[in-house]
Every structure is written in structure tokens, then in C-alpha cells.
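Q: Okay, here's the structure, questions in a sec.
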Amino acid sequence: MRCVQDLNDDSRFIEFYNLVFMQYNKNDDGSLEPLKQKNIDTGMGLERMARILQNVPNNYETDLIFPIMEKAASMALVSYSKADNAMRTNLKVIGDHMRAVVYLISDGVIPSNIGRGYVVRRLIRRVVRTGRLIGMRGDGHENSEGAFLPSLAETVISLSSEIDPDVESRRKSILGELQREELRFVQTLGRGEKLLDELLDEALGSAGDIGDKPCLSGKDVFLLYDTYGFPIEITAEIASERGVTIDMKGFDIEMENQRKQSQAAHNVIKLSVGNETEIIKSIPDTEFLGYESLFATAVVKGILINGNPVENVSEGTDVEILLDRTPFYAESGGQVGDNGFLYVYGEEGGKQNAVIEIKDVQKSLGNIFVHKGTIKQGSVEVGKKIDAAVDGKLRQGAKAHHTATHLLQSALKSVIGSETSQAGSLVAFDRLRFDFSFHRPLTEKELLEIESLVNQWISDATHLETNVMALQDAKNAGATAMFGEKYGEQVRVVEVPGVSMELCGGTHVSNTAEIRGFKIISEQGIASGVRRIEAVAGDAFVEYVCSRDNYMRHLCSSLKVKAEDVNSRVETIVEELRTARNEASSLRSKIAVLKAASLASKAVLVEPHNVR
């Protein structure tokens, strides 16, 4: 069912409302599978309704976007009402994109080269390029070298104040991010413009030699687009002014090649089997028992060697074991897979037939756990019962680091601002790595404050609460979700009461006191707008502190001072070394002067030869 608006031009209708009756799910093979819950989707966009009620010709000229376009027009010294279609299109791009990036940054999405941050960066760069194309320069406050995005953002924020007060409260961080991103990109544009001039000169020179019409190759156009952010229309316009065409067909080929490479890079297959469909049919999803126990009895449902199914395997072979149930955690959510052993016994608990050392566990083919290891002794075959035992010490290390990661994220939000968000993580047995969005390095004071907060929460000895609930209920309760992760209808929520609440399927300590301690090892930038903290917790924390204490004791022994006097003693030594070097340099200069004087005193005047 559709409702349309008559535009009174006898040729066009604009759909503003529709109903879609959801009944089937379309599978990869094209077959239709009835949905368990059928529903009706109502499509009625806010912009379309505003357009009708405000009686304007398009969505962009509603009071949702038009004030942004008017601001951009005034900064470009043009009038929207008098502008041609090309100019109006550019202003629409600016209005639409500016509204999007302001809300995204307000929600904690910081420009970067990965994930959602890359989407924001591309939107910002398109606004910058489009703005410069129509003549926008400076910040609109008599600073010709300033950034114009913050001035546009001010208009967006003012439009948002009544409907989303969080945007206003984050004004400073929004304006700061936009200014930094624009000024950084303008430098890139400058280098691109210089390269474009060189490429155009080459094209003109080559055409002059052979008498052909000058043309910029598709490869060069793509280089400008991909590396320097030049849109094709800018490249085409500048080239046209110089009498040069561009090879669009060649550009399209380069774009298609990049698209294929990008798709290939994302098609990560963790397990390759000869007949994947048959494996799925014959092996059910693995039942995970690892939240409650580190030991379990299971049945071998499949054995793979190099991705190919086999019925049995003997000592010394690297294998992948598929079980019906397991206590082993499979790598996911940043946490590495468990290590441990599988033991195969004879009939009725007789002599041990085989030992398989497990070094990694991955999920594949849906929710099947793949236990990767080596047959250390004996042989194993499909259908045999086994005892699965997880390495408890390593699991405890993973649990401590995973819970510490949750505490770290809360500490970061508390110290540097709630707009920061997780950009990735690694939870290993001996360390953790946490990537987060932020525009500058953290100060020493901030790092100490973060460490102090985490260790305070650890010493509070708070019991964790874990619940399984509906996804929407979890979000309503304030649980933090990792952007880009796929969640089912039911989710697992891990909460440190009063500190952290996150959607997480990983393993955690039952009480924060089990973490023992937390220490940041390093903080560094890994991409524009993305920082990384590496830290240790649990036994790894104790080992780290002990090793550093050992180094300090050796240093104190060498310097013959107490630990608290090491800094002043080192500063004294450095100053003494600096003074000694200056004295040595001065002495070398004096010696050089004395040597010169000595040589001069021995000089003998030689009569010049007659030259004919």
C-alpha cells in the first residue's frame, strides 16, 4: 500500500508513506523461508512529512537541513535562491553531510581510518572538498586560514538543542574534531593539487609529442581519488580548464579492481573443508559449558586434517577436533581461545589411548567449535568419548584481563570523556590491549588517574553479576554494546555494579578482587583518531611489578642509592656528563689552537720561483 504526493506536473509522484508486509526470509540459494514472527514495516520518513507540511519542493529545503545550506551559501558568498542546479546540489551535499557528521561525532564516532570512523572521515572530506569547490574559505570569523566546518556545525548544533540536548553538551569536542580533521585534510588536498598539476603537464606534453588530444589516465585519476581524496568532478573540472580530458573507463576499471580486492580481504574463512554443507548437516552446534566448568566429557563428532574430514588420526599429527560439547572458550569478542588437553580412554574407562594438546579454539560454520592441536600420543577416531580439560591457570589470566578491560573502558570514559568509545581489543592470557577513539595522546596525569580508578575498583572486591536478557532490555538498562558486533535476540550482560555494564560473551572473574592489580604498560596512537593502551592484570601484573622491582634493585645497587633517590642521582649523573662533555669540547678547541700556533712558529719562508 502506498500514498503519494501529486506534484501537479503530470509526470512525477513522490512516495511519502508505504507499508511492507514482512513474511519471508530469502536464503542465499534464493529459496523463501517463512519468518517465525511476521510483521508490518511502516515507511514514513520525517523529512518527507516535513516536506509536505512545509510545502517545499524537496527534503533538503525543510527546516531540518535548509538553515545549514543557507549558512554554507553565505560563507561561499552565493544566494541559494539565485544559484544554478550545480551550486544547489553542492549546498545540499554540505547540508546533508554536516548534519550526519555532527550527530555521529556526538555519539562518539571519531574520524579514523577504520570501521565507522572511516565513514565519518569520508563524509567530512566530501564536505571539505565540496565547500572549497564552491569557494568556501576561512572560518567565517575573518580568519582566512581557519576551518569552515566548525561554523557550519554551530548551525547544526543550534538546530539540535531542543531535540537532542546531548549534542549541545558535546559542542566543544564536536567543534574540535571537525577543526582538526579539516585542517589536516586541507594539507592533503594541497599535496594532491600539486600532483595534479604535474600530471596535467605530463598529459599535455605527451599529447603534444604524438598529436593526440591530451587525456589524464584512469590510473592517475584513481590515484588522486584514492590517495588524496580528490573527487572525480574536481579532477575533471581542473583538467578541463587546462584542455585535458580524463579516462573515465580506466578509472572505473581501477575502482572495480579495488572493490574486488576489498571483498577478498574481508572474506575470512577460518575453516576450509571439502564438503562444508555435509559437515553442517552432520555436526550440530557445539554446546559451550565453559562458564560453569573447566572439565567435561564429550564425544568426538568430527576430525579434520588441513580442513579435510577423516575418520581417525594417529600420534604426531596436527588436527582439528569437533566435539558435541566443550568447556573450551572459542576465540571471540577479542578474547583468545583456551588451551588445554583432550584425553581419550579405552572402553569403560580403561587405559588412556590418546592425549591431544589443544593450542587454539576457533568458531566456524556457524557455532561449531574447532579445537586445534596436536596428537601427543596414541590415536583418536570419530565417535570416541573424550575428557576435555582447560588449562585453569591460563583461563584465569584471560578472565582477569577481560574484566580489567571492562573496568578500563569505564575509567577512560570517566577521565577523558564519555564520547570516547572502544575501537577494538585483545584479551590474552598474559596481557590486554584496548583500542579507543581519541584525538590526542593521554597525559601522564591522565594515565595515572585511569590506573588509580581501575585499581580502586579492583580493591572494592565487587561481585560481578551476569544475566541473559532480551537485547532491547539490555540496551534500555544502559548496557554498552561493541559497534559492529552482531547480537542475537538474547544477550549476555556482564555487570560490575556501579562501574560497568556491557554485552559480552567472554569469561570473567566472579569478584574484582581476583584481578589482583592493574598496570598500564604503554599508550600510543595506531591510526588517526585511534589510540591503544596495553596493560597487564592478575598474575601477569604481579610478574610485571616483580620484574620491574628487580631492575630497580639492581639499579639502586649500581648507583648506591635508595629507590626514592634514583631520579635525583640519575639527573646529577646526566648533568655531570653534560659538563664533562662541554669541558672536553673546550679543551679540544684549545688544543687545536695550540697546535696551530706551534705549527705556525715552525713555518719557513720559501722564496717564490720565477714563473715565465
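Using the three backbone atoms N, Cα and C, a Cβ is placed for every residue, glycine included.
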Q: Examine the ranges 458-492, 493-527, 563-597 and name the one recorded by TrEMBL as coiled coil.
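A: Range annotated as coiled coil by TrEMBL: 563-597.
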Q: Taking the Cβ of H402 (Zn(2+) binding site) as the reference point, list residues of the same chain whose Cβ is under 8 angstroms away and which are at least six residues distant in sequence.
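A: Result: G334, Q335, V427, L432, C504, G506, T507, H508.
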Q: Other than H402, H406, C504, H508, which residues of the same chain sit close to Zn(2+)? List them in sequence order, counting a residue when its Cβ is within 8 Å of the Cβ centroid of the site.
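A: What remains near the Cβ centre is K399, T403, T405, V427, V494, E502, G506, T507.
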Q: Across all the protein chains here, work out how many other Cβ atoms are within 10 Å of the Cβ of H406 (Zn(2+) binding site).
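A: So the Cβ neighbour count for H406 (Zn(2+) binding site) comes to 26.
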